[in-house]
Amino acid sequence: MSRRGLVAGPDLEYFQRRYFTPAEVAQHNRPEDLWVSYLGRVYDLTSLAQAYKGNLLLKPIVEVAGQDISHWFDPKTRDIRKHIDPLTGCLRYCTPRGRFVHVPPQLPCSDWANDFGKPWWQGSYYEVGRLSAKTRSIRIINTLTSQEHTLEVGVLESIWEILHRYLPYNTHAASYTWKYEGKNLNMDFTLEENGIRDEEEEFDYLSMDGTLHTPAILLYFNDDLTEL
């Protein structure tokens, strides 16, 4: 991806989005591309899956690839839920799907390697961002080409983050002025902060289909000397 030329803002070559939608997480549902979400965060476990490829302990994780697994965790401790093991009477991790990577065996075992450091669910090593608790749709219209695209975005995403989502449709999106109802958008603000209200609850209250009215952002091309 080329740099942004004369347009003010972050260098999109290194730009990192903060939020991911559940639909985006769901797309990463294979052992070679494995994401999960839990407790409001999104994690890329692809490297973990590659490191334990062929290991039976990976099976419960592969089965939930692309899904939210918050129910595996105690929200207070952010650790795997625990229970009293009926066989040993000891407090152990609760794994209804079966024991998985980094969970100790039920009984003492001499061949269990515990030199991996922190378990994969502790710390932020695999974290790639936050899970959008609420999403909304927004239309983006390129006034130069009359092309229109509808994106699902997180309500807490800035316009810069929405622009980053839009890049697959227009690699020069940063060379445009983004406007709503004739006013320039503050690219560091969210849609709501820019006056683009989320009216989903009002439509629900009125028993109306909210998809019939999706706000539109208009893009106006700037000749900023970037490559066309």
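Note that Cβ sites are derived from N, Cα and C of the backbone, with glycine treated the same way.
Taken from Swiss-Prot, the feature domain 'Cytochrome b5 heme-binding' covers 17-83, and the record attributes it to sequence analysis.
Positions annotated as heme binding site by Swiss-Prot: TYR52, HIS83. Look at TYR52 (heme binding site): DSSP puts it in coil.
Residue environment of HIS83 (heme binding site) contains 12 other Cβ atoms, counted within 10 Å of its Cβ in all protein chains. Taken residue by residue with DSSP, HIS83 (heme binding site) is part of a strand. Proximity of TYR52 (heme binding site) to non-local residues of its own chain (separation of 6 or more, Cβ distance below 8 Å) is seen for LEU58, VAL101, given in sequence order.
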